[in-house]
Every structure is written in C-alpha cells, then in structure tokens.
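Participant: Under the heading active site, proton acceptor, Swiss-Prot lists Asp76. Per Swiss-Prot, the feature active site, proton donor maps to His230. Positions annotated as Zn(2+) binding site by Swiss-Prot, on the basis of experimental evidence: Asp77, His126, His130. For 69-255, the entry in Swiss-Prot reads domain 'NodB homology', with the evidence type sequence analysis. Look at Swiss-Prot and you will find 10-30 tagged as transmembrane segment.
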Amino acid sequence: MEKALKIKQIVVVLIAIAAVAIGYYMFQSITSPAKAVAKQENVVQLASEQPKVEMNKTAPSRFNGKERKVAYLTFDDGPGKYTAELLNTLKQHDAKATFFLIGANVKEFPDLVKRENAEGHYVGMHSMTHNFAKLYKNGEYVNEMKEDQGLIANIIGKSPKLTRPPYGSMPGLNEGLRNKVVEGGFKVWDWTIDSLDWRYNKMPVDAAAAQIAQNVLTNATKPQEVILMHDIHPQSVAAVPAILKGLKEKGYEFEAYHEESHFPVNFWHDNRM
C-alpha cells in the first residue's frame, strides 16, 4: 500500500514538472525577442506588403496644356548578368531608369555601373549586405550606404545621394536611423508600385514577364509612379518591353531620378529625406 502511494506521488510530481516545462516553452515561444524579430523579418521580406505611399510632390508640370505623367522605373540588387540586356532595351526605347546597386555587384561589374551612368540613368545605393539585422537592428544603414557610395564614386566620378532601403524603409528605418540618414546627407526612395517580379522565379520566363507587366500596368494610375523591379531576374528584364509599351500607351514618360528635383517617396512620409 505504502509503495503504491509513493508511486502515485512520483507520478504527480512528474506531471507537475512536465506542465511547468510546457508552460514555460509556450511562454517563450510567444514572448521571446528572438522569435518576435524573426517573425518581423519574415514580414518585411515581402516588399508587396509595404504600405502605399503618397508622394509629396507638387503638381506635375504641364506640356501643351496637358498634365505630364512620369514613370520612374527603378531596379534593385544589380548590376548582374541581365543588366546589359536591360540597358539595351532602355536605349532602344529612349527610356531612362534608376538603379540601386549592391556593393558586391558594383565590385564585380564596374563596366556596367559605368555604362548605367554614361547612358543617362541614375545610379544609387542599395547597401553592401542587404541584411535586415545588420542594416536596421545593428544600425549600419548609413555606414553601408557610405561604403557603397564610395565604390560607385570611384567608378563614375561622383557621389550619389539617393538610397533604396532593402525590404523597404518600414519598419526597419526607425526615427533614429532616419535622423542619421538626414545628417549624412542621404535621401531615401521606396516605391509606389511593386512589380512583384521576384515572385515568379519558378515560372517560365515568358509567362512570368507577362504577369509582371500586368502587375505594373494595372496599378499605374497616378501622374507619377515609382516602380520597383530587380535586374537580377531574367523575367524582370523580359517584362520591360511590354511595360514600356503599355505605360507609353497610358501617356507616361520615363525619367531617371534627379537630385536637383528630389521629392520624398518613403513609407514614413518623412519629408526630410
């Protein structure tokens, strides 16, 4: 009888320990900062989920009594092996674009950086690492942009000011980092249209290009649009001819970013940058 009682007591203790352990694990899974950050990082990877941004730009200039419509094609993450083809297409259509470059690719493809600038496109910075934790949690955004800027300046002979935040400026580019951006003399551009070009890597290029073009053309409704694309994907470059044609039919012209006529395009609506 006494032996049976001891066994019951041991079982009760073991159950209690297990319950405490399970409760602690569940609490950690909910409140752990590491898990919260990981969840946050997974969210910001999806550029398409960033908020819509209204551009704080004055009324566009008019030509022959008509309001001008301007599309700013922007390409992130390059240069890469498809960039030369993209530049050929832009040249054929007499269209200018804006490129946001990764430091490692600047080093690998200096001739493409030089060509982008020589053909009238704007060359800006997209960081060295494209790493959320380093750029935002560790506060290295401005330092990485300065390093990237230096690499570009060594090739094109001038230091660009415009940056494109990897994953978009929200939520990573907090007020403290934005203050540093302003102090460093940099500007920030997010986008008004996400082409979602990165989403179609596993589709046939032609089908993917058609979908990307549709994404852009469907959403191009305002006098100025800043369009997010990436020149490291074949489907992105393949989509450009249809995008150019479709936007022209909707009355758009194509311009590169100009520092002297900067206007804010950021998810924070921070007019300083």
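Backbone N, Cα and C atoms are what each Cβ position is placed from, and that goes for glycine too.
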Participant: Given the recorded positions His130, His230, which one has the fewest other C-beta atoms within 10 angstroms of its C-beta?
Facilitator: His130
Participant: What three-state secondary structure does DSSP assign to Asp77 (Zn(2+) binding site)?
Facilitator: strand
Participant: On the 0 to 100 pLDDT scale, where does the domain 'NodB homology' (69-255) sit on average?
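Facilitator: Over the domain 'NodB homology' (69-255), the predicted model scores a mean pLDDT of 99.
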Participant: In angstrom units, rounded to an integer, how far apart are the Cα atoms of His130 (Zn(2+) binding site) and Asp76 (active site, proton acceptor)?
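Facilitator: About 11 Å separates the two Cα atoms.
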Participant: In three-state terms from DSSP, label the residue listed as 'active site, proton donor' for me.
Facilitator: strand
Participant: What subset of the recorded positions Asp76, Asp77, His126 lies within 10 angstroms of His230 (active site, proton donor), using C-alpha positions?
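Facilitator: Among Asp76, Asp77, His126, the ones whose Cα sits within 10 Å of that of His230 (active site, proton donor) are Asp76, Asp77.
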Participant: Which chain neighbours of the Zn(2+) site, leaving out Asp77, His126, His130, have a Cβ atom within 8 Å of the mean position of the site's Cβ atoms?
Facilitator: Asp76, Phe100, Leu101, Ile102, Asn105, Ser127, Arg164, Pro166
